[in-house]
Each structure stands twice: as C-alpha cells, then as structure tokens.
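K.L.:
Feature table excerpt (Swiss-Prot):
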| type | residues | note |
| --- | --- | --- |
| ACT_SITE | K16 | active site |
| BINDING | P101, V102, A103, A104, G105, I106, G107, G108, G109, S110, A111 | ATP binding site |
| ACT_SITE | D143 | active site |
Amino acid sequence: MTDGSAMTLRDEARAKVNLTLRVVGRRPDGYHELESVVAFADCADHLTLQPGAALSLTTIGPGAQDCGDSADNLVLKAARLLGERVPDLTTGAFTLDKHLPVAAGIGGGSADAAAALRLLARANDLAVDDPRLIEAARLTGADVPVCLPSKPCVMTGVGEKLSPLPLPRIPAVMVNPRVPVATKDVFTALGLKPGSLAVGATDVLAAPAWPEAGAPLADWVVALEAGTNDLEPPALKVEPVVGTVLEALRATAGVQLARMSGSGATCFALYADDASARAAADALCAAHPGWWVHAGSLS
C-alpha cells in the first residue's frame, strides 16, 4: 500500500453516451437487460483525492448545487463498497468539481463513482481490473462498470458485460435542456413487467457486424443508424422537451445522426467534421440560450 498523504491524485469523469440502447427485457428481479453501444465524450467532471484523510466529499463547480446531499453521492458509496472488500483501504478527502448536468442520461454520477474507484486503486496500488474493484463498481450502480474503463464498447446484461469496440473519434454535439429526468420514471413509463421480454420470440439477439478498426466514419454512422434508443418513446412521455431537443439537433446543418442518450434528457448529434459540430453548437446556443450545449467528440 502506498502512503499518499502528501500528494493529491486527479482524474476525469467523462460523460457516457449511449449511441444505441436496446431494452431486451426485464429480469424477474426487476433489473432490465440491455444492449448498448457506449462511447465517452470529451466533457467531464473533475475529481481529486487527498489520500490519508478521513473519507469525505466536497462538491464545487457550476453543477454543485444540483448534486444534493453529499452523503448520498455515488463517490462515497463506491469508496465504502471498496473498503468493505479491501482490508485497510486508504481512502481520503475527495473534491468533485461538477460540470456535467445531473439526471441527464450521460452517467454523470456513475462516471464520478468510477473515477473515485480509479483514484482509490492508484492510492492503494490496486489494478483497475482487480475483481474487488469491479464488484464495488457493479454494486454502486448499473452504469459504473462501463465508466470504470471509459472506453468504447458494446454493453450487455444489466451493464456488467463489456465487449471492446474500435470506435473512431466522432465529432459530436451534446445538448441537455437543463430538465432532469429520473431514470426510474422512464423505465416505469416503458412498462415492462418483471420476467417479460421486449423482443419477439423470432427476434434472435446477435451482435451486429460492427465496422473493423480503421473503417471510415461513414461506415460507423450507417451501422449506428440501424440501432435505436428504446427509451426515447417513454422519455418523451415523461418529459416532452426531449422531442424539442431532437428536432433542434436534426435541423442543424451537416447532422449525420441525432438520438437521445440513456434515459434522457441529454441528446447527441454526430457530424462528419469538427467545424460542422462547432457551427451546429453555435446555432443551438443562439436559438436556445438556456440549454447546456457541448461541441466536441466521442471516442
């Protein structure tokens, strides 16, 4: 174990984006089985750890007031779960600089928790693939395992099965109308009963033939267009402004694909180049000054 009392460790909690999201069904225990292509954006929260101090969390930044009670934060939950599995775990004082919108379908809280686990792994000389770390991630929340590596993948099961995907860097715009959407409300609106399938008996579940490494961006757009986000219709029932965001994105010049991420309300659009993404973001900011808009890339 490393005595890290004199150093501050830093990590980024990158936003998670579901490029596709298919709800396969609902297990008897109530959890939903999913198939999702996941990428990560170049916008993030920032987390620091001062190892050796008592476990604590201070939240700062433009999104701090939206985080609620620090005692309920997933950063502390993840740290405590790891502490239950690693004897004499060195924890410390976390500071979360919150920039990503909350309850937004981009895994902000899950990304924060995953960053906390990565920082604790560094402070305690643990490998990021240590089974205890992975178990703590799984028990913290369904999106935490995919955020732990924060790399493009196909996510299946209830979020714990990850298959790497050679996704290229994709210019993109992300938009959130600053309206929180509770994941629980969206799944309730979906209305699947425990033990039921969302696919027909003749619908054979198989991994799509995704483009190989080095394939042009256009090939990936075509492959992603064949997918859906099954949570879009119920999210529109819960918060109709999602439809307004999608319409605005689909009306931008040069848009290749626009879709909702996760359970919303954040939506994204893909573009052929950075200039198109930047121009689209500028237009959206001008037309909707109250929205959160980010131009960057997914990878």
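Every residue, even glycine, has its Cβ placed from backbone N, Cα and C.
Please go over these features one by one and say how buried each is and what sits next to it.
P.N.:
Under the DSSP three-state reduction, K16 (active site) is assigned to strand. Every protein chain considered, the tally of other Cβ atoms within 10 Å of the Cβ of K16 (active site) stands at 27.
Sequence-distant contacts of A103 (ATP binding site), defined by Cβ-Cβ distance under 8 angstroms and a gap of at least six in the same chain, are P180, V181, A182, T183.
Under 8 Å, Cβ to Cβ, and six or more positions away along its own chain, D143 (active site) finds K16, G107, S110, A111, G159, G262.
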K.L.:
Other residues with Cβ within 8 Å of the Cβ centroid of P101, V102, A103, A104, G105, I106, G107, G108, G109, S110, A111 at the ATP site?
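P.N.:
Nearby residues not in the site list: A15, K16, L100, G262, T266.
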K.L.:
Might you list, by sequence position, any residue in that chain lying six or more from P101 (ATP binding site) with a Cβ less than 8 Å away from its Cβ?
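P.N.:
G63, D66, G108, N176, R178, P180, T266, W292 - these are the non-local Cβ neighbours of P101 (ATP binding site), listed in sequence order.
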K.L.:
Check A111 (ATP binding site) against DSSP and tell me helix, strand or coil, would you?
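P.N.:
SS state of A111 (ATP binding site) = helix.
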